[in-house]
Amino acid sequence: MDPTRAPDFKPPSADEELIPPPDPESKIPKSIPIIPYVLADANSSIDAPFNIKRKKKHPKHHHHHHHSRKEGNDKKHQHIPLNQDDFQPLSAEVSSEDDDADFRSKERYGSDSTTESETRGVQKYQIADLEEVPHGIVRQARTLEDYEFPSHRLSKKLLDPNKLPLVIVACGSFSPITYLHLRMFEMALDAISEQTRFEVIGGYYSPVSDNYQKQGLAPSYHRVRMCELACERTSSWLMVDAWESLQPSYTRTAKVLDHFNHEINIKRGGVATVTGEKIGVKIMLLAGGDLIESMGEPNVWADADLHHILGNYGCLIVERTGSDVRSFLLSHDIMYEHRRNILIIKQLIYNDISSTKVRLFIRRAMSVQYLLPNSVIRYIQEHRLYVDQTEPVKQVLGNKE
């Protein structure tokens, strides 16, 4: 997020005392860069297997089993399977984690009786009440005292033995969340699956706190709930983390990523491989081209934060219509230095839905149907959000949200 909107923002200076992260950098997993195969393997065979180092105590066995899984992967496009349990009514019998894992495994690698179209099709369901929580869903608290890190959709085990784990985090105002915010994760998932050696094990929305000074910002608990409504019935891998929104002051993006690293890698020890050994999870920031361009503006982002975000974590950049992120990447010294840890995602179908324009449509009593999920539209109507707000013409015309 734009640091200049912090209420206590001061332009960064070389004499500024740096606040160390909660955990030392040595606790951030050091994985391979995110760059595509074609660049990473310029001097090696593209088809060469990528093996995760394992302890010697694990004997090599089940070769035939792993070979059959690999064949299953080749036949199907890499994707995070749709968990149909999410669409069961509250009265449905709760399944065990073993049952869920078995279902996901069968869906991932295919079976004789189930086709891909049956497992990935659009699910039909009725929403009787916005506050009716679907089966297996965890919603966020409204206070830091009651806060718990959401991990109900975070994979506990890697499915592909030749890939490394990755979690995607999107920071933003999400006022309101739109279909573009949802599509960004799907575009990132496709790019990572096709171009990298990583396996996505979860994705998070992290809405900013109310201290982020921007007109048109609904109260944080409304924005968190809208994000939950947008993804809890439509996704099997996206979650909403309210930690940033519950902070009493503006939280820098670098600190937000440190929070996810602490929760996933420090507290939970990472994720298990197919052998049962736990390894660290790479965490990456998902951002639009406008956020990256703000990183090039003088006296906005501290150099130390940029090095920390791009060097220790990495960034997935979704290009907007008309933007040229690659040229900007070439001209920015710090971003160019960490270019191997940045993956640019090109929109094959351009989508320029913006929260700013959605708020404008609502103020003008215009339809926002098909711009954001129906559950979010209903929530906005029930709570009369954005109806009586005003925004500067410059902000509306800028349309970079």
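Keep in mind that glycine also has a Cβ here, set from the backbone N, Cα and C atoms.
Just so it is clear, the model here is predicted, and its values are computed rather than measured.
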- Message: Among ARG153, ARG268, ARG320, which residue does Swiss-Prot annotate as binding NAD(+) at the site that also has SER173, PHE174, THR253, GLY288, ASP290, TRP301, ASN351?
- Response: ARG320
- Note on the structure: Record (Swiss-Prot) lists phosphoserine for one of SER95, SER155, SER294, namely SER95
- What Swiss-Prot calls phosphoserine, among SER91, SER151, SER355, is SER91
- Message: Say a student had to find the phosphoserine annotation in Swiss-Prot: which of SER26, SER111 would be the correct pick?
- Response: SER111
- Item | Pairwise Cα distance for VAL358 (ATP binding site)/ASN351 (NAD(+) binding site) [Å, integer] | 14
- Which Cβ among the binding-site residues (SER173, THR253, ASN351, THR356) has the fewest C-beta neighbours inside 10 Å? ASN351
- Query: Which site among ARG320, LYS357, ARG359 has the most other CB atoms no more than 10 Å from its CB, taking these as binding-site residues?
  - Reply: ARG359
- Query: Which value in Å gives the longest Cα to Cα span across the NAD(+) site residues SER173, PHE174, THR253, GLY288, ASP290, TRP301, ARG320, ASN351 as recorded?
  - Reply: 27
- If you count the C-beta atoms lying within 10 Å of each candidate's C-beta, which of the binding-site residues GLY288, ASP290 ends up with the smallest number? ASP290
- Task: Consider each pair of residues in HIS181, THR356, LYS357, VAL358, ARG359, all listed by the record as binding ATP, and report the largest Cα separation in Å as a whole number.
- Result: 15
- Message: Just to verify: the residue among PHE174, TRP301 with the fewest other Cβ atoms within 10 Å, which of the binding-site residues is it?
- Response: TRP301
